[in-house]
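Participant: Below you will find the structure I want to go over with you.
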Amino acid sequence: MRSLAAWLVLSGCLLLCARAAAQGRTAAARCAAPCRCDGDGGADCSGRGLGAVPTGLSAFTYYLDLSMNNITELPANVFKNLTYLEELRLAGNDLMSIHPEALSGLHQLKVLMLQNNQLKMVPSAALRNLHALQSLRLDANHITEVPENSFEGLQQLRHLWLDDNNLAEVPVEPLSHLANLQALTLALNRITSVPDHAFANLSSLVVLHLHNNRIREIGKNSFSGLDNLETLDLNFNNLVTFPEAIEALPKLKELGFHSNGIAVIPERAFLRNTLLRTIHLYDNPLSTVGTTAFQNLSELHSLILRGASKMETFPSLTGTVNLESLVRMFLFRVRFRDLSVNALTSVPTTGLRALHQLRLSANLDLKGTLEPRSLPKLRTISVPYAYQCCAFAGSTQEPICICRELGGFRKGVLTWKMSLSLLVGAFKPCEFLLGSWMIRLTVWFICLVALAANAVVLAATFCPGGALCPAALLMGLLAASNLLLGIYVGSLAVLDAVTWGAFAQFGVWWETGPSCRAMGLLAVFSSEASVLFLALATVERSIAVHLVLKKGEELERQQGRGWGRFCLAATLLTFLAAGTACLPLFHVGEFSSSPLCLPFSTGESSSLDLTVALVLLNSLAYLLMAVVYTHLYCGLGKAHLMEPLQAAAVRHVAWLIFTNCLFFCPVAAFSFTPLLTGIANNPEIMKSVTLILFPLPACLNPVLYIFFNPRFREDWRRLRSCRSRRAGAARVGIPDGDISPEMSGDCTTYSQLRAGLALCDCCEPVVLTTPSICKHLVRSHSCPALAGVPPRCSRAESYWADCGTPSAQSEYADEGDSFVSDSSDQIQACGRACFYQSRGFPLVHYSYNIPCVKD
């Protein structure tokens, strides 16, 4: 009987369970018309344009999504039948009010999403009885007030979003009821300060976001009680002082307060935050960082300090051994360090043996080299200057070196196999500035010849005692500009010798220093001045030849005006060359594009504009020379070119034009290599052409003058005779103060013969002070007074037509000895001069009136 009774009871229970399960399946299958339901109790009613909560939902619904609708209010008991609901989404509606009893009955609710609505106050009454709530989203509303009892009954709340609202202060009292809160975000509000003990009861808090507020002050005890906080975000605020309150965060692992106004990081700033793994300090006007600020952070992996534009030195990283990403730090395991866009002057690498990535770009004051032996695991490094990559050339790890300076044919990321072929021997050499021995010897040869030859030409041209006609003046100015270019080439040769084999250690200092700018200015000025002076010499030679062909007073008048005009033109061209050379000083182009200090562009830089301007200016100058000389040759007949002096002078300038233009064309072509993709990939050829052909005219111009211009021989003889001038004057008996600077060596020769000559009282003092007459008297060994009655004269200087009158000696005529072949003719001419002058007649020029073109 007992077994029968037990069997009947068990059968009844099974029957009841079956009926209950059938009723449950029937209820679960019920779903509101506009929603989509699944068999597990989920209802998706989002984006349906609903104006109210739909009815007819199953009582077993555990998930309800009503987001993106037009629901503006929640009436009382609207969810009273959904006792099993665990997640309710009401985001993206226009909710403005929630009845205090709207959420009653939701005893199982764990997630409530009310973001992106129009709430102006936390619905504290409606939230009070949600004892199981774990996640509450109230972000992106217009909340300005949080009542004190808002979260009083939410003992299980883990995550609270109050960001993107209009909160003006931290809701200290409402937060004190959330002892189990783990994540809190108050970002994107209008909070200006964080008071002391603001989060005192949030001992379980792990993540705190306060970014994008207006926080200026943080109390020293603001973070007390946050014993388990691991992430603190204070980015994009108005902090001006370092938040010392972080000392109360022993478990802090990630700290961010970038984009603030912090200028000073004190000593031992992170002493009690030994578990820090990431610090974001960039975009702060850091000027002082304590030496011990980042020491002993053994867990630090990432340190970002870029944008600290006022920071000059970086602190010690001793004990920070895990740094992987660095902007400058001493860490054992750190793998990344971002120190870009700062003002660092040095980067100690001690303690960074585990560093994998180092960013130092845009630290323009960081000019020293790095020590690769302290960075054995480095894989990627970005540096502000290409020369700093040279230190890693021999390292075994072969890191990738990134340098923004390597523009044009070196842009992008370069491994060492690629970068060495581009850097060594080219415009960013690691070892030798001049590269190969062939280039080095050629540069030294050009330097020595340019300095010696131009110095000789200058001394011979401007030596006292010679008539300085426009042609001689222009040749002297051309030699002076070429001498300056020789000094520039010499500075490069000396720099190559001083930095022998280790140019990378000095390259940055040279390019960014005043010496490079001075040499670049000197090179551009001398180069442009030589081209402009050569163009003026071409015009002068054309005018001189055409004036020689004219007769009478017109010739004399134009010769007098020509000297002043050419002096004025030379002065203006000098100022033009100086102004062109000074353009890089006003940020039009730059001298530091390469160690050659020339404004020629070696990549994508502003120097290309100046390069184009210089090339066009020089091209116009050479075009003018070609046109003028072509017109000159076409206008001259064969008879005119048969005269030796004319032919030599014209031929000399023609040689100058041809050689200078010949060497200018390759330099101009390679100046445009950034625009020519076929050539731009070979900087070695471009550098060789620049080093050799650019200064070569300064070497050849004086050589051509010495060997092709007959005037130099006369200047050279006069230069050699200057030393014997005082000795000859002493033999004659003239005091040192009465010696004329124009007395030549011929007068000395004459003085030796004076004892056997008979001179009149008028002729003798003139002979001793006028070099051109001394030559004639030395030849004739006599005086016009010997032929007859001694003349009576008032001015002895007027006896010698060669010295006293403008018609006696033209700037285009020889000094006279080339045209006088008979000493008797000379005597007769001198006699006629004394005779006519003694009787008041004007002087009549004799054979010296025959013009002769001479350089």
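For all residues, glycine too, the Cβ spot is worked out from N, Cα and C.
TrEMBL labels come from automatic prediction, so no person has curated them.
For 1-22, the entry in TrEMBL reads signal peptide. The transmembrane segment annotation in TrEMBL covers 437-460, 472-498, 566-586, 610-632, 653-676, 688-708. Marked as domain 'G-protein coupled receptors family 1 profile' by TrEMBL: 453-705.
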Participant: Under a Cβ pair cut-off of under 8 Å, which of the recorded stretches 437-460, 472-498, 566-586, 610-632 contacts the transmembrane segment (688-708) most often?
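Facilitator: Counting Cβ pairs under 8 Å, the winner is 437-460.
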Participant: So if I exclude everything within five residues of the ends of the transmembrane segment (610-632), which remaining residues of that chain have a CB under 8 angstroms from its CBs? That is, six or more out.
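Facilitator: Apart from its flanks, the transmembrane segment (610-632) reaches 524, 528, 531-532, 534-535, 538-539, 541-542, 545, 580, 583-584, 588-589, 599-601, 650, 653-654, 657, 660-661, 664, 668, 671-672.
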Participant: For the transmembrane segment (472-498), give me same-chain residues lying six or more residues beyond its boundaries with a C-beta closer than 8 angstroms to one of its C-beta atoms, as numbers and ranges.
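Facilitator: Residues 432-434, 440, 443-444, 446-447, 450-451, 454-455, 457-458, 461-462, 466, 510, 515, 519, 522-523, 525-527, 529-530, 533-534, 536-537, 540, 566-567, 570, 574, 577, 595-596, 691, 695, 697-699, 701-702, 705, 709, 711, 715, 855 contact the transmembrane segment (472-498) from elsewhere in the chain.
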Participant: Cβ under 8 Å, sequence separation of at least 6 from the ends of the transmembrane segment (437-460): give me the contacting residues as numbers and ranges.
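Facilitator: Beyond its ends, the transmembrane segment (437-460) has Cβ neighbours at 475-476, 479-480, 482-483, 485-487, 489-490, 492-493, 496, 688, 691-692, 695-696, 698-699, 701-703, 705-706, 712, 715-716, 718-719.
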